[in-house]
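Chemist: Taken from TrEMBL, the feature compositional bias 'Basic and acidic residues' covers 340-362. TrEMBL lists 311-385 with the feature region 'Disordered'. As annotated by TrEMBL, repeat 'WD' applies to 79-119, 120-161, 258-285.
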Amino acid sequence: MELVAGCYEQVLFGFSVLPEPAANGNHKQKWTPLADFTHHAHTASLSAVAVNSRFAVTGSKDETIHIYDMKKKVDHGALVHHNGTITCLKFHGNRHLISGAEDGLICVWDAKNWECLKSIRAHKGHVTFLSIHPSGKLALSVGTDKTLRTWNLVEGRSAFIKNIKQNAHIVEWSPRGEKYVVVTLSKIDVYHLDTASVSGTITNEKRVSSVTFLSESVLAVAGDEETVRFFDCDSLTCLCEFKAHENRVKDICSFEIPEHHVIVTASNDGFIKMWKLQQNMKVPPSLLCEVNTNARLTCLGVWLDGVMGSEGSHPAAEPSVNEEEESKTSKKQSGYTVQKTERQLKPNKKKCDSSKPVREDSVVSTKKRKMEEILEKKKRKKKKI
């Protein structure tokens, strides 16, 4: 498995983690993170990471999405459609990537040929976060226009709009998709899918920076503090809390492998830590390993070498997308170009600023494409006359 983390210093870190079998009758398993690579592809701080069984993608304030082939350890290129900071990236299965940005757009990408299948004008302000239902048929997004929007991903259109009183910055489905949470500052509203209404509210002590479901009812919450808390979404009570870092926790994710349910935390203090969850969620988890990046971390993902993605505790099913609709849409789109490169990721070095920035070649813009189409139509009309 591989930990991937982005930082303010524009670098993507990769650390391979090798669980070693317990020796001499010792029940404690030793996990060792080894520096694998650093890559300086972006020209601004990294803001989002997503991982599937083959690729890791990163979003940045430089308005680009970079693609990394984790098996070959190469920079696969960049997606350059958005005109604003990339705020959220989500894979669903191995076929689709969905991105959101400060330009108000949500884009659906084919994760095989990296074409933009749909570009949706999602919010009047920024798209601050999005989450895909486990079925792949629905998605939720929140934005700075104080709305929570439900999207029909099969048809690529809005299904429902709910006005909320404040700007929410996180939305997340539960593993079975029976409930979801919407986060505004330190407040977490729990919704049930069947009623689409708030069933209860959890209040964290400080602003929430990241959440992940550990089960259908238990939510791990990280915020602008050193502590991580586990909340029961049914009783709305705090099951346990533990000090995870020396500075605020920026991102948290979870995954399951045989005999282990693991959460991973990343902090402004530069550390990435892996924790083993206990069967009783009221008991704080035990530390498996930690690694210091010496950078201010912003986002986190875990690549499990083809087993599953890291966006939750369960493997994602392939999404349900209308193939005929896909082909029609992809033909209409223009200017959504992946700049294919095969740059080997550099071995990890101690200083995060040691790698040189990677500059992508310029692409044909959407406007230029449209102008070429208009000129072509005019030529055809003149020939007919």
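From the backbone N, Cα and C atoms, a Cβ is placed for every residue, glycine too.
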Chemist: State the residues, same chain only, that lie 6 or more residues beyond the ends of the repeat 'WD' (258-285) and have a CB under 8 A from a CB inside it; answer 'none' if no residue qualifies.
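Modeler: Sequence-distant neighbours of the repeat 'WD' (258-285): 3, 5, 15, 17, 19, 31, 33, 212, 214-215, 218, 220, 222, 226, 228, 230, 239-242, 244-252, 291-300, 302, 313.
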Chemist: Per DSSP, how many helix, strand and coil residues does the repeat 'WD' (258-285) have?
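Modeler: With helix first, then strand, then coil, the repeat 'WD' (258-285) has 0 helix, 14 strand, 14 coil.
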